[in-house]
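Participant: The structure follows.
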Amino acid sequence: MFPYPTLNYPPMAPINPMAYRDPNPPRQVAPFRPPLAAQIEDLRRSIANLTLKQRAPNPPAGPPAKRKKPAPSLSLETKKKRPPPPAKKQKRKPKPGKRQRMCMKLESDKTFPIMLNGQVNGYACVVGGRVFKPLHVEGRIDNEQLAAIKLKKASIYDLEYGDVPQCMKSDTLQYTSDKPPGFYNWHHGAVQYENNRFTVPRGVGGKGDSGRPILDNKGRVVAIVQGGVNEGSRTALSVVTWNQKGVTVKDTPEGSEPWSLATVMCVLANITFPCDQPPCMPCCYEKNPHETLTMLEQNYDSRAYDQLLDAAVKCNARRTRRDLDTHFTQYKLARPYIADCPNCGHSRCDSPIAIEEVRGDAHAGVIRIQTSAMFGLKRHGVDLAYMSFMNGKTQKSIKIDNLHVRTSAPCSLVSHHGYYILAQCPPGDTVTVGFHDGPNRHTCRLAHKVEFRPVGREKYRHPPEHGVELPCNRYTHKRADQGHYVEMHQPGLVGDHSLLSIHSAKVKITVPSGAQVKYYCKCPDVREGITSSDHTTTCTDVKQCRAYLIDNKKWVYNSGRLPRGEGDTFKGKLHVPFVPVKAKCIATLAPEPLVEHKHRTLILHLHPDHPTLLTTRSLGSDANPTRQWIERPTTVNFTVTGEGLEYTWGNHPPKRVWAQESGEGNPHGWPHVVVVYYYNRYPLTTIIGLCTCVAIIMVSCDHPCGSFSGLRNLCITPYKLAPNAQVPILLALLCCIKPTRADDTLQVLNYLWNNNQNFFWMQTLIPLAALIVCMRMLAALFCCGPAFLLVCGAWAAAYEHTAVMPNKVGIPYKALVERPGYAPVHLQIQLVNTRIIPSTNLEYITCKYKTKVPSPVVKCCGATQCTSKPHPDYQCQVFTGVYPFMWGGAYCFCDTENTQMSEAYVERSEECSIDHAKAYKVHTGTVQAMVNITYGSVTWRSADVYVNGETPAKIGDAKLIIGPLSSAWSPFDNKVVVYGHEVYNYDFPEYGTGKAGSFGDLQSRTSTSNDLYANTNLKLQRPQAGIVHTPFTQAPSGFERWKRDKGAPLNDVAPFGCSIALEPLRPENCAVGSIPISIDIPDAAFTRISETPTVSDLECKITECTYASDFGGIATLPTNPVKQETVQFIVHQVLQLLKRMTSPLLRAGSFTFHFSTANIHPAFKLQVCTSGITCKGDCKPPKDHIVDYPAQHTESFTSAISATAWSWLKVLVGGTSAFIVLGLIATAVVALVLFFHRH
C-alpha cells in the first residue's frame, strides 16, 4: 500500500510534560534507508524484543521518579580495590544437527583413508558398488579387501575405480544426478552449490581432502572432491559428478590444484625440496637468475613444475591482481631475440620481429602470431603499453602503438602477451608484422593463408550482430593452463666483435660489468676460455679471435632459427597465453523459407543472404539424402511420402513433415469423382484398374454376342435345308442349351488309360499324397502337441496379454484385455524413445599435428652426430660444410669443416584438446526403450526397458517384457569416427598403420597420453649457406584433409529417421521393424461386471470425419447412465484412437468425443462400461497436404477402396444386374435375327 514500510521502533518512555521544551524544535530528518534494509532492521529489533531481553514496563504518566544518590564510601573503595575481571567464557562448539550427524556417519562408514608413508594422503569412497580413488592420490587404501582390488584408470576424470567385493555391495553409498541449488554436506560442514559450482568458505578444506564425498540430505553422493582453488572469500571445489544418464562428468574450475596431502618434491643439485618452497627461500629470480633458471630446467618434467615456477617468480613480489601477476610475470624470465625472416619487405634478413608461427584454428578470422619480439614487457618489468625487441646486442622498449599487423588489409589487435599477438584479420595469403622505431621500420612477412572460418552451416564473411549461438573455437587468456607450454632454453653463444680491441699491439677482451665472455683465439695455436674480467691475449689481429657474450640470465624460445648452446643444455617452459578453448559464438540465421504445400510435394522458396546449406533425407528405409549449397534466391521441390521427410535449412533446427492422404475428388461420390480421387492417390494402380475394367466389359459384351450368333447358326442349320421352314423361338432357345451326360469313374479311368496315361497316374497319386500328408500331421500332433500345449499354457499363465507393436515413437498401441467375469481393461503402450547402445572400443584419437624444430647444433671446425630420441616421427641429420652467420658476422673460424645437426619431430598441436576425432570400433549393442503405459485406472507410468525379450520391467504391479526387435539393424558400420557432435561411418586405418596425409597420420590412445604415433613424411633439407635455420618438407595434415572431405554426418543420412547422440554413442528413435510385447496385468486392475456402471440407450453417430488426420473424427454418443459417474471408453480396433479415454457421464445427455482413424469407412465397436455400440460412418480425405506430425495411413490398396467404389466395380464387372442386362441383350438380339430372317 505504501512505498516504504513503517518501522516499529522499540517502545520508549513518554516525554515529561512538565519539562522545558523548545516551542520550535528543529525537525530531525531520518536518514534514508532502503526498504529491504529497513525490513531487516525491523525484523532484528522485533526478534530482540521477543527473545533476548524483557523490557521494563513503561513508567506511569507524571513527573519522573527521584534518583537515589550513591554512597560516597563505596566509590572510594571501588577506586582503591577493583575486583579482577571475570574470566572469559569459552564458547561451546556447536554440535552438528541430526542431518549432519547422519551424513558424517555415512561418510565415516563408506570412506577409507589412503595411506602413504604412514600418513593419510587422501580418501577413497565406495559408491554404487564401486570404489573410487583419485588418480593423483598416491598410496594404499587402508582396507584389506579394497586394497586387493585391481583398479582401472580413467585419466580423463583423474580417477581410479574398481568393483567392490560381493560382500560389500550391499553396504555402499548411492549416487544421484539431482543437484538443485542449495547447501550440501561434507566432512567439514556445508557446501554451497550455485551456478553449477560447489564452493566452501575460504580456509575450509585443503590438502589431504581429495576423494571425500559430498552428500545430500538423504545421504546420497552428489560429487567427489578432487581439489580446489581460492576465489576471493570462497574456495571453488574441483569435483566429479554424474549427469542424468549416469555418465561421469568432471567439473574443474580454472586454476584448481589437487588436494593430495603428499608434497611433490623437486630436485636441485641432488637436493630434494618441496616444489612450492625452493631451498634458498626467499631465493627468487631477481636475486639469483641463473640459479633459478637452472633449477627450473632440472625439474622440467616434474608434475609440480607450475608450483615451482610460481614460487620462483612471485616469492618476493607484492600482492597484485591475480590474472596479471600469474600470467605476465612469467615472461620476465625470457627476452626477445633476433632470428631469420624469409621476407623483410625487400629480401631475407635477420629481423628483431621474425615470425616463428601463425595459428589460425579459431573461428571468425582470429589468428595467433608468435614473433621474436615480446609484448607487454619492458626491460625491467611488466608494462602492457610497451613492447621490447633486440636492437643489436641490447634490449629496447617502445610503445605498443608502433606495432602493426596486416594480411590483405590491416588487422585489429585483440590482445598481446609475451611472444604472442592475437589479431582479427581479413582473408589473405600472407601475414605481415612490423613496428616503427623512430625513422627505422622493421617488418617480417610470412606466407600463410588466412581465412574467415564461419560457424555452422552458413558461409557468412563478417561476425553477425545477432543470430544463434553455436559451439566454436576461440583463443582465450587462461591462467596457469596445464599442458599448453612454449619451450624455452638458455641462449647459445652470440659473437660480439665490440668486445675485441687492440691494446699495446695485443688483442684485448673487454668484459662488461657482471658478465662473462667466452673467447676463441688462433695465433697460431687455438686457445679458448671463459673470463669474467678484462683479458689480454697474445694475438695481434682482431680477426684472429672470436668473443661470445654468455647470457645465462634469460631464456629465449627454443627456435630452429637460433643455434643451440654448447654442451648438455636443459630446457624450460612457460605457459602459452592464448590457448584454444571451446566457446559459444554468434552465427547468422538465414531467413525462414517460404513453404508451400501441394499433394505429396513440398515447395521451399529460399532467399539466402549468403551461401547456406540445405540438407534433406527421407525418414523411411531409403534415406535418399541430398546436400546442396544455396547461394541465390531459388525454389526447390521435394517429394514427401507418408514415411516423412526431414529438411534442415542453414543454422535452423531440422524440421520433419509427413504427407497426408489428401487429394481431389470424393471416395463416396459418382464414378468419375471416385476415379479422380483414386487417380490422385494411386495413379498407376488406378490406370491399371480402369484398363482392366474396360477390357472386362468389352470381353463381356463381345463374347456373348459371338456365342449367341454361333449357336443360332447351329440351331437353325436343319431348317435351312427345308424351304420356307420356320423355327419357333422356344425351340431356338432350347437348341442353345448344350446337352450333358455324366460318366462313371470306371469309364473315366478307362478313357484316361487309353488316351492319356500320364494324367491317369497323376489322378491316381492325388489320394495317396493326401493320405501321406494326413499321416504326417497326426504323427506331429501326437509327438509335439503336448509340449506345445504346455508351452502355451505356461505363456498364458505368465503373461496376460501379448502383441506386436510397430517400432515408432509417438504412435501408441492400444488393445482390450478381457477376462471372464470381469469388465475389459483398456491397455495402451507408447514408445517415448528408443536407444540402440552398441559396445564400442576407442581405437585412438587423431588431430592436427605440430612440427617441433629444436635449435640446431652448430659445431665449428668439427663434426657432430645424431642420437636417437623417443619422439614421434623423429628425424635427425648432420650436414657438413655449412658456413653460418649470426646477424652479419661469421659464427665460426672455419669455412668448410663446420657441421650442423638438424632435428625435427611431431607433437600434438594445442588445438588437439578441443579439436580432435575419435576412432571407434562398434560391435553389437543392446536396445533400450522408454515406454509410457496405461492400463485400467493406472495412467502414464514411464519405465526404461531393455528390448531383449528377457529382462522384465516392473511398472506398478504390472510386469512388462518387450523385444527382441524383429530386425537387428544399426546405422553404424564396424568403424565410426566421432568428430565434435557428429558421427561418421569411416573405414579408418588401424592403430600404428596410419599413412602420411590421410586420416590417422597422428594417433594416440587419449588426448594426453604419451603413446603418440605419427607418420607425416617429415624430411630434413640442407640449410642454406650463411643462415642458421632448419628447413624441412612434410605432408599436409591428414586430419585437416579429412575434415574437408568428410562428407555428411549420420544425422543427415541415416535411414529410418535415426538421431545420433553421444555419451554414450547411440542411435535414437530409429523407426525400423516391430517390437513384441508381453505384459502381465495384476488382478487389481480388473473390475467385476457386477460392480461396473451400466449405461443404456446407446447410439453412436459420426457427425464429421476426416481420415488420416490428427483426431479428425467427431462422434456423438447419447447416454442415459444409471448414476452420474466417470466411466471409461474402450475401442476394440487398433486403427481407431480416442483422444480421451475417460469422461463423466450425466444422467441424461450426450457425450461428444474425438477419434483418429485411417479408414475411409470407420466401423469400430465402442464399449462404455458393460454396454457396447458400433460406430459407423464415412470419412472424407484431409484437406492439408503436408503436416508436421506422423499421420496414420492405410498400407494396402484394397483396404483403401471405399464401399462406393466397390459397388460401382461390382456393377461394372460382375453384379446381378449385369447378368440380367446381358441376358436381355442376348434375347433381344436372337429375336431380332429371327424376325428379320422370317421376313
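Think of each number as a place in line: the chain as shown, counted from 1.
From the backbone N, Cα and C atoms, a Cβ is placed for every residue, glycine too.
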Participant: Can Val748 and Gln928 be said to be on one side of the membrane, going by the domain names in Swiss-Prot?
Facilitator: yes
Participant: For the annotation region 'Interaction with spike glycoprotein E2' in Swiss-Prot, which listed range does it cover: 152-157, 656-661, 1082-1087?
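Facilitator: The range carrying the region 'Interaction with spike glycoprotein E2' annotation in Swiss-Prot is 152-157.
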Participant: Looking at the candidate ranges 340-344, 375-379, 710-714, 805-809, report the one that Swiss-Prot labels region 'Interaction with the capsid protein'.
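Facilitator: In Swiss-Prot, the region 'Interaction with the capsid protein' feature sits at 710-714.
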Participant: With reference to Swiss-Prot, specify which of the listed residues Cys1070, Cys1100 is paired with Cys1058 by a disulfide.
Facilitator: Cys1070
Participant: For the disulfide involving Cys1105, grab the partner from Cys912, Cys1175, Cys1179 as Swiss-Prot records it.
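Facilitator: Answer per Swiss-Prot: Cys1179.
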Participant: Tell me which of Cys784, Cys792, Cys847, Cys860 Swiss-Prot records as disulfide-bonded to Cys892.
Facilitator: Cys860
Participant: Let me make sure I read this right: Swiss-Prot says Cys275 forms a disulphide bond with another cysteine. Which one, out of Cys266, Cys284, Cys315?
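Facilitator: Among Cys266, Cys284, Cys315, the cysteine that Swiss-Prot links to Cys275 by a disulfide bond is Cys266.
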Participant: In sequence order, what residues of the same chain, 6+ apart, have a Cβ less than 8 Å from the Cβ of Lys553 (site 'Interaction with host receptor VLDLR')?
Facilitator: Pro289, His290, Leu293
Participant: For Tyr184 (site 'Involved in dimerization of the capsid protein'), what is the secondary structure state per DSSP, taken as helix, strand or coil?
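Facilitator: Its secondary structure by DSSP: strand.
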Participant: Which residues does Asn270 (N-linked glycosylation site) neighbour through Cβ under 8 Å, counting only same-chain ones at least six apart?
Facilitator: none
Participant: Whole-number answer please: how many Å between the C-alpha atoms of Asn932 (N-linked glycosylation site) and Asn1069 (N-linked glycosylation site)?
Facilitator: 15
Participant: Near Asn932 (N-linked glycosylation site), how many other Cβ atoms are within 10 Å of its Cβ?
Facilitator: 16
Participant: Within the chain of Asn1069 (N-linked glycosylation site), which residues six or more apart in sequence place their C-beta under 8 angstroms from its C-beta?
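Facilitator: The answer is Val809, Asn833, Thr834, Gly1057, Cys1058, Ser1059.
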Participant: Give the number of CB atoms, excluding that of Lys554 (site 'Interaction with host receptor VLDLR') itself, located within 10 Å of its CB.
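Facilitator: Other Cβ atoms found within 10 Å: 18.
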Participant: Least buried of the recorded positions Asn217, Asn637, going by other Cβ atoms within 10 Å?
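Facilitator: Relative to the other recorded positions in Asn217, Asn637, Asn637 has the fewest Cβ atoms within 10 Å.
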Participant: Between Lys554 (site 'Interaction with host receptor VLDLR') and His477 (site 'Interaction with host receptor VLDLR'), find the distance joining the two CA atoms and give it rounded to the nearest Å.
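Facilitator: Rounded to the nearest whole number, the Cα-Cα distance is 24 Å.
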Participant: Closest to Tyr184 (site 'Involved in dimerization of the capsid protein'): which of the recorded positions Asn217, His477, Asn637, going by Cα position?
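Facilitator: Result for Tyr184 (site 'Involved in dimerization of the capsid protein'): the nearest of the recorded positions is Asn217.
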